[in-house]
Amino acid sequence: MSRPQFDPSAYAAQLEDKKSRLAGLLAPFAAPAPEVFESPREHYRLRAEFRLWRETGNEKRHYAMFEQGDKHTPILIEDFPIASRRINELMPRLKAAWADPALGFKLFQVEFLTTLAGDALITLCYHRPIDDAWRQAAEKLAAELGVNLVGRSRGKRIVVGRDYVEEELSVAGRRFRYRQPEGAFTQPNGEVNQKMLGWAYEALGQRDDDLLELYCGNGNFTLPLATRVRKVLATEISKSSVNAALANLADNAVDNVSLVRLSAEELTQALNEVRPFRRLADIDLKSYAFGSVFVDPPRAGMDPDTCELARRFERILYISCNPETLAQNIAQLHDTHRISRCALFDQFPYTHHMESGVLLERR
């Protein structure tokens, strides 16, 4: 993780630059002006990862980060204003615990995961085996800090408490509860994530047909969108994300979603009847009356075959973490679909990265 340049006084200008950049990328497709969803200026990031750096000639260690492309010049961190208040509160208390050799010896990396609901999990990574002595010290530390702890060393993982955090997000007046596993992808900016969910919920609208969701992750969007349609078929390839999504569906009593562990490419093959999949044995694909598809792909965007799959749907709701590949995908779809809504979500203040969303509807 590289360190963003934190400068709240520059936030408005940087956000305007992102808005102009997104509008420029979508201009060839006659897109409407993007709706803009701002981030808090500080304490917005719910995750943080630090290396540990030892001062030359003594045993004093610091949290450290590095500029992108430079892994040899550490930036020593005492506090981290872009991270959640909970992370900033935990950082010095955890640092004091390194004095215990059971916890501090050959510790090289620390990862914090927190939620808007106040939950916290810390992962400690070691260049040595961890054992029962580590567990005993970790149990004491977890109780003192009020957190869950995970220890990692080569080939070993010890969990103290839970290996996930619990989040609560509000969409259209309803609260949704989420388990967010250690090591799995979660949206880093909780406040902006909540705004994204609300935008997607509104953009989809209330439907009497079915939704296909590709790349569903832990069910972040699945839960609120499932309340807008008759039923959902959702796909995800990561095993830990699938398990979290299934737990989240159960915890929220959402019973109109079928989740399958398939890639977007595999699902395309299944829908095209190119080949059967055992993981679809209990699902009747012909029973679905799909009107919409929701996609939240990785930075590479949708591959050409998945784009062609999306073309079949009346509505394509697309959340993107890379506006360049978003524009490439829209170029492939533009002859059959037009952009009726678009949005900029400032998930990553003080960086060039941006999250965006578009609703494409059949012409």
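Each position is counted from 1, following the chain as shown.
Placement of Cβ uses the backbone N, Cα and C atoms for every residue, glycine included.
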Task: Matching residue for the S-adenosyl-L-methionine site, where Swiss-Prot names Y215, N220, E236, D296 - out of Q187, Q194, Q206, Q269 - done: Q187
Open item on the list: Need one number for the S-adenosyl-L-methionine-binding residues Q187, Y215, N220, E236, D296: the maximum pairwise CA distance in Å, whole number please.
Closed with: 16
TODO: Work out how many Å separate Y215 (S-adenosyl-L-methionine binding site) and C321 (active site, nucleophile) at their Cα atoms, rounded off.
DONE: 13
Task: Cα separation, E355 (active site, proton acceptor) to D296 (S-adenosyl-L-methionine binding site) (Å, whole number) - done: 10
